[in-house]
Amino acid sequence: MLRWELCVVGAFQVGSALGQVVGVRLLTEVLTPSVFGEASLLMGVAALMTSTLVNPSLQALLRHYPAEGGVENRAIVEAVTMKNIGRVVKAALPVCLLLSVVAFLVGWATPLDALLIAALVGVDGLRMFQTAILNATRQHRWYGIWQNGEAWGRPLVAYGAVTMLGVDVDVVLASFVATSGGLYLLLRRKTLPGVKPVNGPEAQQLLQAFKSYTVPLIPIGLIGWISNMADRYMIGGLLSSKEVGAYVAVYGLASRPTLMLSSIAETAIRPAYYEALRQKSAASRKYLAVWFLIAALGSVALWAGFALFHEEVASLLLGPAFRDGAYLAPWIAAGYGLLALTHITTRVCFAYDATKSVLFSETAGAVLSVVVGFPMIYFYGLDGAAMAVPVYFGMQLLLSAYLARRSSNARSIPCDQK
């Protein structure tokens, strides 16, 4: 069964990766590095909001879904997830409004930018909720269809819109919103049974468990965002949006294959690993070993490919204005290979409800990304930004592996089984 799931997930991930690759090629043909960089910075703001407002509740959904049996219980978990997301959004709304006003006053964004970012956060949050359910219930076919629709649809629609309406950041963002919104309306019913009202002692007890589980994860969204995206904002502050565009294009090219490999392995193995842990089965160790082996061997192979053929890959997959930074790709690929292993050790901590360990590890990674990245960018520019990636991700991996081992030794089975 696991092999079949790996094949299905792998096929859809390959299709999704091809869509993203084609999309980057198209967008780097029609966008200037400056506009591409500005769009990337605004997209990063949307990613920050979804990672802090939505993703913590989805981690709780994934944690509780395997332990809930029957359609009615699943509907309760879904309803509690939505209620918890609403609670977090309501609490964060005043801060978001204040930051928006500051951005307008200093000229970082326009009101239209803010509206498009808010719309993008909305459609992305809805998509993340639905695809998390598809993942938890192992509906890999519909998960893959949705994933491929996003990967192919967003850049194709943006390419067409830019070609017709002109090169503009807001045209790109509006295209992404329209594509994701259309896919949500088309595919949302594939996650039946759907959400039911939250009431009764069982639902209230689960909601309380969600609150306890997600509170340490809310800052992790910000912290993880700093680890993965702070470099482009430091480049924007120290250099320019043009350099941001050039860096982000190569960064995406070098990191995407490893992220795809990591996603394939996690989508197929994580549910089985969590279920084996819940049942106190020795198979959990086998799943974990396979997970590590796939990530490690795949990452080494991808790094070698970029080290040997980065110029050829850039000539094929990037527009002419974005190819000069191809030599940065091996550094970035090496860093993301280490990050792929960190994702596994983080999931081990999640499995044992060690969210404080995850918070500590992610905080250290965020601090390291700034402490290492800022001086490297200041003194060495884009070269320093790329060389810093494997340094801070490698240090984070060592810490995360130690915390995962400590968590599993301290609690030999997940807490909900004690």
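We count from 1, first residue shown onward.
For all residues, glycine too, the Cβ spot is worked out from N, Cα and C.
Automated prediction, rather than curation, is the source of TrEMBL annotations.
What TrEMBL says about this one:
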type     : residues : note
TRANSMEM : 91-109   : transmembrane segment
TRANSMEM : 115-136  : transmembrane segment
TRANSMEM : 156-186  : transmembrane segment
TRANSMEM : 206-226  : transmembrane segment
TRANSMEM : 287-308  : transmembrane segment
TRANSMEM : 328-346  : transmembrane segment
TRANSMEM : 358-379  : transmembrane segment
TRANSMEM : 385-404  : transmembrane segment
Review point. Most CB pairs under 8 Å with the transmembrane segment (115-136): which of 91-109, 156-186, 206-226, 358-379, 385-404?
Key: 156-186
Check your understanding: For the transmembrane segment (206-226) against the transmembrane segment (156-186), do we get 3 or more Cβ-Cβ pairs below 8 Å once near-sequence pairs (under 6 apart) are dropped?
Key -> no
Check your understanding: Short question: which residues 6 or more past the ends of the transmembrane segment (385-404) have a Cβ under 8 Å from it?
Key -> 227, 231, 234-235, 247, 250-251, 328, 331-332, 334-336, 338-339, 341-342, 345-346, 348-349, 354, 357-358, 360-361, 364-365, 368-369, 371-373, 376-377
